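Student: Input: one structure, supplied below.
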Amino acid sequence: MNRQTADHATLADKFNEDEPRVDWHDQTLWWVRAKRDKMAWSIPEWEQLRETASAIKLNALGNLHDYLVQFEQQAIQNGAIVHWAADAEEHNQIVTGILKKHGVRHLVKSKSMLTEECHLNPHLMANGIEVIDTDLGERIVQLAKEPPSHIVLPCIHKKKEEIGELFHEHLGTPAGNADPQFLTAAARQHLRKEFLQAKAAITGVNFAVAETGEMVVCTNEGNADMGAHLADVHIACMGIEKIIPQRKHLGVFLRLLARSATGQPITTYSSHFRQPRPGQELHIVLVDNGRSRQLGREDFRNSLKCIRCGACMNTCPVYRRSGGHSYHTAVAGPIGAILAPNLDMKDYADLPFASTLCGSCSNVCPVKIDIHQQLYKWRQVLVKEGYTTAAKTASMKAMSGVLSTPAVYRTAGKMGRWVMRAFPGMVNNRLNPWYKQREMPAPPKQSFSQWYEKNKKS
Amino acid sequence: MKVGLFIPCYIDQFYPQVGIATLQLLQKLGCEVEFPQGQTCCGQPMANSGYEHLTHQCNSLFIKNFADYDYIVGPSGSCVLHIKDHLHDPAAETAATHIRERIYELTEFLTDVLKVEKLTARFPCKVGLHQSCHGQRGLALAQMSELVAAPFSKPEQLLRMVEGVELVPLDRQDECCGFGGTFCVTEEAVSVKMGKDRVADHVKHGAEVITGTDVSCLMHMEGILRRQHAGVKVMHIAEILNQNIHEQANS
């Protein structure tokens, strides 16, 4: 749906045309990061908690097959119907099949990044099925016909005035009213109707407990509960990496998730779905879509530990100043940049380069994914697999050649500095991206090595 | 103690004064320092662009230049981190390992190896300390704001020994400046915006000089400051720690 041909740098360049808006976006997300810091500091054993979460996930990934089979058995015993989908296409077909069987033309969906990843909404629309996103942020971007720009805060790129206009157009709120409380109340009224009419509800899954076959869904709005409790058919869609071995492990993850995500101690709702109520059908769709391939990549395996808190996005200085849409994939930011190339190296070859490798993402990650190191490693993989340009390869080879031979390096340096002094226009021009908004360093007459040669005390 | 002075290529070519300050500071603190003349670059520009496989010759050269020193010290956290993480050579792995274990960024060498407790330097100025990411998060030169852990800062510890230095607080103590190697040209818009924001934080708090442990970050911020015609200067931390010597040499 949101595949674009432009790369991150181009889209980020466009985003930066409106500098006050970039400032606003940056400050809004930094505020979330600051809230996260405050919450983390309220827990003295925070770092130990991260370490524990990381270890539990490592165990889960190392024994994924066994835990998945155990989960399936338990879920079936609980009365759920379990489906396995190898990829996005199969996932979408399974979901559509269930809906068609029940004659559902209209359904509600709470937040699920997996269904975004699989592009479920356009698939349903193409099959004549109307889907209403019930998470407020998701509903806003759905009305705006845009993809979410953030996995936890889907409409963080929109100002409240823009949301007011959108609601005026689609929900009939008074023009010019941008009061968040008023708009939220309007959305509640609108969504209530949708909840009451929906025959089916799709939810995501935050944690699937192998030991009990239950699923935990975390929301602040209770929209997953409202949908699942009212509908005749509940379809829970989850990536296979959402498994945790035991229920007690929730005591680690639920403490980390909301604190990392929004700086709340816990989400308003942490709802456990174990069995369908009498007369209801509960379907669970377990989706691979490249996850087992990623599990096989030793360097990138740990990326599957992700609990989708979005902390890496909020802290990322590049994300804050380029916006979620510049990543042109369902999961943006640093984590998206290490997940997306696994899905399609060609389409997402630009993303691991959309980083300064500052490492802040790895430090906030509640499950301690070495995100910035994986960005570095993806760069190596992408170049080796040929997803680079001939010009870049040529310039790197030339650079390597100069830097590998001290005499060539010295001559080139001397000549380069002389050219800069004698003909500053050669470098200080429009073709030099450095010079566009920055001055070049003033070239000195002698290099350090020339100075040393003259001044060393032998 | 024989110290091999590692001066990264862009410092050698564009910021010789940083190399000079580093050399003089180490000598003043009693080190026997040599600058191997055959050195060029650590290979990081290629590696961070995805071309680590093109750094073999840079690696061999680095090993050839620095294998015989007790310590290797450089005034750049980023280049030192690259060597620490990525210097390998199947033909000389023992020497490569020796270098990886014995290479230090200047400030950590001063605080951890030389265990410097006082300096005679004087620099009466309002100074903003930029925490360069590779030094800070990669080499742990300072505590990181993301972690729930006791604060410390090796560069700050040293700056506090300099008479007259007044460190200014920052709103964001360790946000990246946006240099990022080739990122600074491939993602020009975001890189510059990050740099402008970083510089503004220092200016807002009255910094007269922005200092740090990496000239690359400083070069980027200097480029922005000069374009803005801001009066704020950038100086590598070695230049401040060595300040007194300069004055004596000039008088």
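Just so you know, glycine gets a Cβ as well, placed from its N, Cα and C.
All annotation found in TrEMBL is predicted automatically rather than curated by experts.
Quick paste from TrEMBL:
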DOMAIN    B:3-84  domain 'Cysteine-rich'
DOMAIN    B:127-221  domain 'Cysteine-rich'
Student: Looking only at the domain 'Cysteine-rich' (B:127-221), what are its DSSP counts of helix, strand and coil residues?
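Tutor: Secondary-structure breakdown of the domain 'Cysteine-rich' (B:127-221): 41 helix, 15 strand, 39 coil.
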Student: Work out, from DSSP, the number of helix, strand and coil residues along the domain 'Cysteine-rich' (B:3-84).
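Tutor: Tallying H, G and I as helix, E and B as strand, the rest coil: 46 helix, 10 strand, 26 coil.
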Student: Return the average pLDDT for the domain 'Cysteine-rich' (B:127-221) as a whole number.
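Tutor: Looking only at the domain 'Cysteine-rich' (B:127-221), pLDDT averages out to 97.
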